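As structure tokens, the structure follows; a few thoughts come after it.
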Amino acid sequence: MRHGKYRFIVGFLALPLGLYALFVVWPFIQSIYYSFTDWTGLSPDFQMVGFDNYERMLDDDIFWKSLWHSLLFALVLPVLTLGLALFFAFMINVGGRRRKGGPAISGVRGSAFYKIVYFFPQVLSIAIVSLLFAFAYNPDSGAINSLLRGIGLDGVQPLWLGDPGLALWCVMAVLVWSTVGFFVVLFSAGMASIPAELYEAALLDGASRATTFFRVTLPLLWDTVQSGWVYMGILALGAESFAVVQIMTTGPGGPDYSTTVMVLYVYQKAFRDGQAAYATTIGVALLIVTLAFAAIVMRLGRRERLEF
Amino acid sequence: MKTTETPATPPAESGATVYKTDQDPAARRPSGQREGTVLNVFSHGVLVIWAIMVVMPLVWAVMTSFKDDGSIFGSPWSLPDRLHFDNWARAWTDAHMSDYFLNTVLVVGGSLVGTLVLGSMAAYVLARFDFPGNRFIYYLFVGGMSFPVMLALVPLFYVVNNMGLLNTIHGLILVYIAYSLPFTVFFLTAFFRTLPTSVAEAAFVDGASHTRTFFQVMLPMAKPGLISVGIFNFLGQWNQYMLPTVLNTDPDKKVLTQGLVQLAVSQGYKGDWSGLFAGLVMAMLPVLAAYIVFQRQVVQGLTAGALK
């Protein structure tokens, strides 16, 4: 054994592991423990109450609303975002074929430009993006409604974020806007590694673009799509949806709780209502939803791995 | 370029009918040519529309930041009557954008250095040394990537509070580092494994200590990986909203994202919408500029994680 190996290992791991344990692991363990207490967060005293918080949660209408909205975020958002991104990436990388004199397979003209521009929103803070769109959605003087007026649609002036039926979709649209570019670039990288011969063979067989996409591109890209889905779902259940909902919709989470999501509800219970224990209970539910989501997507998406 | 739609099955052209199959019109070369043209127009159209949808809100924000309050609400889409640079000056000083900027630079600067140093130390040990518990510690770190941060935030608030680190810059730095470690360790462990062992062993045989070997041989070799993961963390930490919202409520210590949201929400900045827009654009410009300059590295850094 080399001299000083263990001293070195301990010396190098102590600080990162200590910091991680103190600020990440320990609070996680604590929060599960707190979910069985009646801790308010305001005073140091609390008692064990068993499953009371969990029973209360199951009777809480707002919890169910927030759960439903979070599920919508985790299911609808990735479908929209990944679907759009796949379409754009395919157009950018493969869609330009049959250009005279060029290679059989290529992107449309200006594909590099599109990739750069589409990625813009990804580098912006979701908080700043949310603020910007909150202004744009303003029903009276916002950019969107005045654009509608400008093109003669005076009758179409939705309340957007003020309309309980629309607010959630408005918020989701912002997340789609800000994340599509990332996946366009991600899928482009994946598509670039698919050998051109496969496309040429498909072309010789007379496959249309739709056929090429569903028979060649998508199967070979499946692994990337799947991990993209999990990644997007975890984001949509967590930090991203917190920022958009907290910033863009007013009051308790949109008109009539129409945009409340689980992360926001945890935040409100803990830091606004002084119900820290109940907040951690909802947090545990969020953890279960997140893990279940990842497990289900991984299982449903499992396919025979294609080698190329 | 033709912009008119062609029927789903393009009219047969002489000489091409030989190849005709009902299922697949693209098999006939001449009309396949035409299908290509139409689809090119269509795909280009969609790509252009999305590009406009991405750029327009940003252009609108820049435009609005140069207008006076009256025209922001009166005619959101008109060009500014003149360039109101006073909005920018007001935002920078009166609205404390300069303070938020400084706070953000301090927090992100400190935590970025800390994340890279601590992350690479842990990753190097986990990648290169066999010791009991190696796998456990690795999965403990990596597991942190999929847990909802909000769950830990409630107890974390009290951990940070008890240590007297609430509302401090260095407290935020430590927490940022802790929450950046999962991905950083995950990414850099994989990276250190790909580096050749011979160089490090030669250095060790020459009498360099483990520590010296790490800092003088391995770290310089890991530069590409450090840059990728550094950009990823820079953007993540610069754009962080949830952690400071919970752990940092002192108005003087606010970072850019929460400062802007605070301005928009509170009445403290009564009615100065033009100043607020100037602040928004101010916060967007540095990252957009950095993205345009370091475009390739940013894309690599951000997609590196999701690709594997």
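Keep in mind that glycine also has a Cβ here, set from the backbone N, Cα and C atoms.
Nobody curates TrEMBL annotations by hand; they come from automatic prediction.
Quantities reported herein were computed from a predicted structural model and do not represent experimental measurements.
If you look up TrEMBL, you'll see B:1-13 marked as compositional bias 'Low complexity'.
Per TrEMBL, the feature region 'Disordered' maps to B:1-32.
Annotation source TrEMBL lists transmembrane segment at B:38-63 (among others).
Per TrEMBL, the feature transmembrane segment maps to B:100-126 (among others).
The domain 'ABC transmembrane type-1' annotation in TrEMBL covers B:101-294.
Sequence annotations record features per position, and here TrEMBL assigns transmembrane segment to B:138-160 (among others). For the transmembrane segment (B:138-160), the list of distant contacts is 122, 126, 166, 171, 175, 179, 181-183, 185-186, 189, 242-243, 246-247: same-chain residues at least six beyond its ends, Cβ to Cβ under 8 Å.
Marked as transmembrane segment by TrEMBL: B:172-192 (among others).
TrEMBL lists B:213-235 (among others) with the feature transmembrane segment.
What TrEMBL lists as transmembrane segment is B:273-294 (among others).
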**Request:** Give residue numbers and ranges for long-range contacts of the transmembrane segment (B:273-294): same chain, 6 or more residues beyond its ends, CB-CB under 8 A.
**Result:** 58, 61-62, 64-65, 67-69, 72-73, 84, 87-88, 90-92, 94-95, 97, 100-101, 231, 235, 238-239, 256-257, 259-260, 263-264
**Request:** Check the transmembrane segment (B:100-126) against each of B:38-63, B:172-192, B:213-235 and return whichever range has the most CB pairs under 8 Å.
**Result:** B:172-192
